Amino acid sequence: MAPKAGKKPAEKKPAEKAPAEEEKVAEKAPAEKKPKAGKKLPKEAVTGGVEKKKKRVKKSTETYKIYIFKVLKQVHPDIGISSKAMGIMNSFINDIFEKLAQEASKLARYNKKPTITSREIQTAVRLVLPGELAKHAVSEGTKAVTKFTSS
């Protein structure tokens with residue numbers, strides 16, 4: 001029990017020194033405010049963030065949505081299309097174009113030619129698209145090419 005009594009006076013002594021330490025801490029507090037005054041770094045970071053926002057440019061994604069809508073209005077003026085269906089149609093057209101481009105590039109390689117001409121595209125259309133769809137696509141394609149060359 002004697003050690004307990006010894007601890008109590010020891011605890012009181014630091015408590016008595018605490019006000020003196022608080023004065024020292026209070027004296028040091030203005031010295032610590034200097035780094036607080038140096039908080040210009042976050043403000044600079046904010047202005048740097050604003051500059052980064054100015055540098056950010058929307059990534060332009062090319063879609064066929066406008067053209068799909070125009071064709072829909074030509075065929076069925078009274079019918080609309082949902083955004084989900086429009087996305088499906090857009091991905092469908094991208095897939096078809098990719099298949100046609102791959103087939104046309106294969107044909108150009110087989111014939112050892114460095115360029116893809118309208119002939120390779122026409123043959124690729126006949127190979128990729130089935131039956132009547134290929135015939136209609138070829139006729140529309142030749143019509144578009146003749147219109148382009150005549151103008």
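Placement of Cβ uses the backbone N, Cα and C atoms for every residue, glycine included.
Feature annotation from Swiss-Prot assigns compositional bias 'Basic and acidic residues' to 8-35.
Look at Swiss-Prot and you will find Lys147 tagged as ubiquitin cross-link. Long-range C-beta contacts of Lys147 (ubiquitin cross-link), restricted to its own chain and to partners at least six residues apart, with a cutoff below 8 Å, are absent.
According to Swiss-Prot, the N,N,N-trimethylalanine annotation covers Ala2, on the basis of similarity to another entry.
Swiss-Prot lists Ala2 with the feature N-methylalanine.
The N,N-dimethylalanine annotation in Swiss-Prot covers Ala2.
Annotation comment: Swiss-Prot describes Lys4 as N6-methyllysine.
The N6-acetyllysine feature in Swiss-Prot is assigned to Lys7 (among others); the stated evidence is similarity to another entry.
The N6-acetyllysine annotation in Swiss-Prot covers Lys12 (among others).
Per Swiss-Prot, the feature N6,N6-dimethyllysine maps to Lys13.
Summarising the annotation, Swiss-Prot assigns N6-acetyllysine to Lys28 (among others).
Taken from Swiss-Prot, the feature N6-acetyllysine covers Lys33 (among others).
Among the features that Swiss-Prot reports, N6-acetyllysine is placed at Lys39 (among others).
Marked as N6-acetyllysine by Swiss-Prot on the basis of similarity to another entry: Lys40 (among others).
The feature region 'Disordered' is assigned by Swiss-Prot to 1-54.
Lys147 (ubiquitin cross-link) carries a helical DSSP state (H, G or I).
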